[in-house]
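Structure first, commentary second.
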Amino acid sequence: MSIRSQLLKGILDGCVLAIIEKEEIYGYELSQKLQQYGLKDISEGTIYPVLLRLQKSQWIVGTMRPSDSGPNRKYYSLTKEGKENLDLIRNEWDLLSSPITKILRGDEDAING
Amino acid sequence: MQLTVKELIEHNNEKRKNLTSENSEYYQNLLVYIRTNALKSERATEEVLLEMLDHLLEAQREGKSAEDVFGKTPKELAEEIIETLPKESFKSKLDFILEIGFMLFGWYLVITGIPPFISQEEQTVYLGTLLLSGFLLIGSITTLMFLVFGFLKSTAFKDKSKKNKVNWLLVILFVLFFIGGIGANVMLEPFGPSFTVSYILPFGLGCFFLLAAYLFKKSRESK
């Protein structure tokens, strides 16, 4: 597994939740959104284990219904529990991202006396 | 509108025809590998397989290949999907085992029940022989299923440079069970308590078992 996909593994769930929060979406659309945000290297297929895992934890639910263009599609939406966990993930990320960025850049000025 | 498992499979079969041959080969390997993991919910398995097929078809229209969509390591992806699929409920597993059991014993009884049914002779059944050969035949069928599933799984993403590994231990077990099961009937002196049954019973019971298997199948497919 590449370094990028290893790093992404923990946080991809949060990204998927955040996109589903905005609108009900189906698999293909979701993968396109992730790519549009710039996550171009991850293969589109990796969202399926994520979607299954999130459904198992009951953070999202999928419902089959006809799409505008015709065929049945499985649309995902956030549950109340999913929304709560997304907020938790957002908080955690805010707490982690700035120190980690500084550490990785080797920015010693950032150390608090 | 909820599709049944049977309908999901039919949709999948139908839609797969629209894949290019290269994409079709890639997808079918993924499908076989994921489907041969029998302990996961059949419904969830078919739903995600159809979802991935729809995804691939949409990507194909934009000129992408299956490898672009699902990556260069489909086996890893398949493993990850299997791992995250929900387990089949205990009741569904039990129903499935009963369905297979009824079907096999149904056919067995119907076929072996035809000669006495025609000759209208009463049958003597030896309980010891019956149980021994029954257990051995169940054993042989179980090992055969493991063999077939294992073989399908190992050929799904086969490395063409390597030879397929056949699980010889399972082959030997199957042969032993099978020969034992038949042999217990033919070669051994009948043993155990014996009783006579009407000439209709084996055939009739077989028909009843087949009907039961059919009903189990219907109920499974309509979920």
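Heads up, the Cβ atoms here are built off N, Cα and C, so glycines get one too.
Just so you know, TrEMBL annotations never went through curation; they're auto-generated.
Annotated features in TrEMBL:
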| type | residues | note |
| --- | --- | --- |
| TRANSMEM | B:96-118 | transmembrane segment |
| TRANSMEM | B:130-154 | transmembrane segment |
| TRANSMEM | B:166-187 | transmembrane segment |
| TRANSMEM | B:199-216 | transmembrane segment |
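Across the candidate stretches B:130-154, B:166-187, B:199-216, the maximum count of CB pairs under 8 A to the transmembrane segment (B:96-118) is reached by B:199-216.
With a threshold of 8 Å between CB atoms, the same-chain residues lying at least 6 positions outside the transmembrane segment (B:166-187) that come near it are 129, 132-134, 136-137, 139-140, 143-144, 146-147, 150-151.
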